[in-house]
Amino acid sequence: MREPTAGARAAGRKMAGVRLLSLDTSSVVSVALLEVSDDAEPVIVSDALGTDTHRHAEDLVPAVRDALAAAGWERPDAILVGEGPGPFTGLRVGLASADVLAFAWGVPVFGLCSLDGLARQLAPAAGGEFIAALDARRKELYWGRYDATGRPLGGPQVGAVSTLPAGLPVAGAGVRAREAELSAAGTPVVAGTEDTPVSAAHLALAWLAAGRPEHAPVARYLRESDAVAPASLAPSAGGVK
Amino acid sequence: MSASEPLVLGIESSCDETGVGVVRGTELLANAVASSMEEHVRFGGVIPEIASRAHLEALVPTLRQALDTAGVTMDDVDAIAVTTGPGLAGALMVGVAGAKALALATGKPLYAVNHLVAHVGVGVLEGGELPESLGALLVSGGHTEILRVGSLTGDVELLGSTIDDAAGEAYDKVARLLGLSYPGGPVIDMLAAEGNPKAIRFPRGLTLGKFMGTAEEPGPHRYDFSFSGLKTAVARYVEDCRARGVEVPVADVAASFQEAVVDVITKKAVLASQEHGLRNLLLGGGVAANSRLRALLAARCASAGIGLRIPRPGLCTDNGAMIAALGSQLVSAGVEPTGTEFGTDTGLPPSIVSLPAA
């Protein structure tokens, strides 16, 4: 799939296609609008990418509002949302917003693994099989394995650098987050992609390339909630009664 | 929009209850609540991440249920209100994200409101407008506060609060010490009925003269609470019983602990009301269901000539109707909506009833 051109963008306005709102909060706040149809290349109408990883609740809805206003859309025909993996609190802002927008507009909402969008964007730079990775904090990465076109081969998973498949180069914002560990392990990285977060536009392109899977969004936490039952509640401790 | 009877939808997600309520003026139309309490039982307290995950799952179903119950659509709604704080950050963020999305999709004005003030505002749903000269005592798993409510929509002052654990939290911790189930409030209340509240003299936190001072020269914590020392005292007592090989008198411990909590709360609430010339008091929060708290507060308010108002239990625990009720009051008072640029504020003080527009 070639990247949309200015000409295609202009032509897209006349196309009778589906107007798609794509959003992702697995890393930064990202909002894109696309026009897609069966018989033409998709048109990226707008593609906004924030820089802050701690302002999802504040910034997401205003970003959607601004994108719709700029495009002159009252509402999209469908919504796509990145399911993560990503830091839980920010991730849920995207999922909760997408669910409620879909409910209120009466339009369908679909989910896709956020790493698929990242891989779609970085596949040309990788030039072969590679790992797309995002910061999972706690010295770990969220990662997935992709082929040279960005098609998923495995994942998503969460783990330390030592758990990555050997020999494959790593791409995406996870590289910057685990720079020291990757370097120490001698893991190759895809230069120039170290700071690339998930873009909602590429999430949409990955979704189209995957054949527009229509499954309802499900948060991909990949980790349990970390809650530990206190010792006093453990069955062995018993009560006083 | 009817300025006197605006139709408002409220969303609450500050702790472990996902609540969506619909209110027309002071009339309750729907109060849908999904609770993740069962999921927290094995931990003996609310686990924020579990609560947050549950909010995401429950948000749209609860929203749909509230609208269905109220028999209205979003087109009918005049405004949306949402809890923006205080509360658990990750939990608040789900409700705030949902409310902002709803406001964007429908074009309805959005109010980011204070959870604590909403516990007072819910009073309008039972008995209409709140009395003048009003104080509020809020007691729950996350809060223990005394407020002066000059005006629900613009003049709320924090008079006192807990400096450590909330009262409900103390109940949960003591229940755990005694090997009782979570939440601790109902089970301790039940057991206390069979025990002697004077069997063990547990400490009354922050009641010494150096903390209280006098009405003219108040001490540093005249209307404040502390329950962590009480919890430690109960723990020591239980350990001591075990060390001596004596069976823990669970009912007496429950009754004596409960008496210590309720004694301080009611005494300070009445004192604060009297010293601020407040002739009415509203009790709110989940612990408002506690039988001893209700009884002792009623008795002490009656002696002091203070009118007491207690909303029914389903409106005292966290819910969306209280958020809608406060939102409705804000609309009627002509307060400007917040817009959609705001974030959550886990420590929002009660003096901020709703966030101003950015």
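Placement of Cβ uses the backbone N, Cα and C atoms for every residue, glycine included.
Because TrEMBL annotations are produced automatically, they should be read as predictions rather than curated entries.
Features as listed in TrEMBL:
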type: DOMAIN; residues: B:27-324; note: domain 'Gcp-like'
type: BINDING; residues: B:His115, B:His119, B:Asp318; note: Fe cation binding site
type: BINDING; residues: B:Leu138, B:Val139, B:Ser140, B:Gly141, B:Gly142, B:Asp172, B:Gly185, B:Asp189, B:Asn290; note: substrate binding site
Per DSSP, to which secondary structure element type does B:Asn290 (substrate binding site) belong, with helix, strand and coil as the options?
-> coil
Going by DSSP, give the three-state secondary structure for B:Asp318 (Fe cation binding site).
-> coil
Same chain, 6+ residues apart, C-beta under 8 Å of the C-beta of B:His115 (Fe cation binding site), given in sequence order | B:Glu12, B:Ser14, B:Thr83, B:Gly85, B:Pro86, B:Gly87, B:Asp318, B:Ile323, B:Leu348
Within 8 Å of the Cβ centroid of B:His115, B:His119, B:Asp318, the other same-chain residues by Cβ around the recorded Fe cation site are B:Glu12, B:Ser14, B:Thr83, B:Gly87, B:Leu116, B:Ala118, B:Leu138, B:Ser140, B:His143, B:Gly284, B:Gly285, B:Asn319, B:Met322, B:Ile323
Pairwise C-alpha maximum, in angstrom, for the residues (B:Leu138, B:Val139, B:Ser140, B:Gly141, B:Gly142, B:Asp172, B:Gly185, B:Asp189, B:Asn290) that bind substrate according to the record | 18
Cα-to-Cα gap, B:His119 (Fe cation binding site) vs B:Asn290 (substrate binding site), nearest whole Å | 16
What does DSSP assign B:Leu138 (substrate binding site), in three states?
-> strand
What is the average pLDDT across the domain 'Gcp-like' (B:27-324)?
-> 96
Within 10 Å of the Cβ of B:Gly142 (substrate binding site), how many other Cβ atoms can be counted across all chains shown?
-> 23
Neighbourhood of B:Leu138 (substrate binding site) by C-beta distance under 8 A, where only residues 6 or more apart in the same chain count = B:Leu116, B:His119, B:Val120, B:Thr144, B:Glu145, B:Ile146, B:Leu147, B:Leu283, B:Gly284, B:Gly285
Neighbouring CB atoms within 10 angstroms of the CB of B:Gly185 (substrate binding site), all protein chains considered, total 23
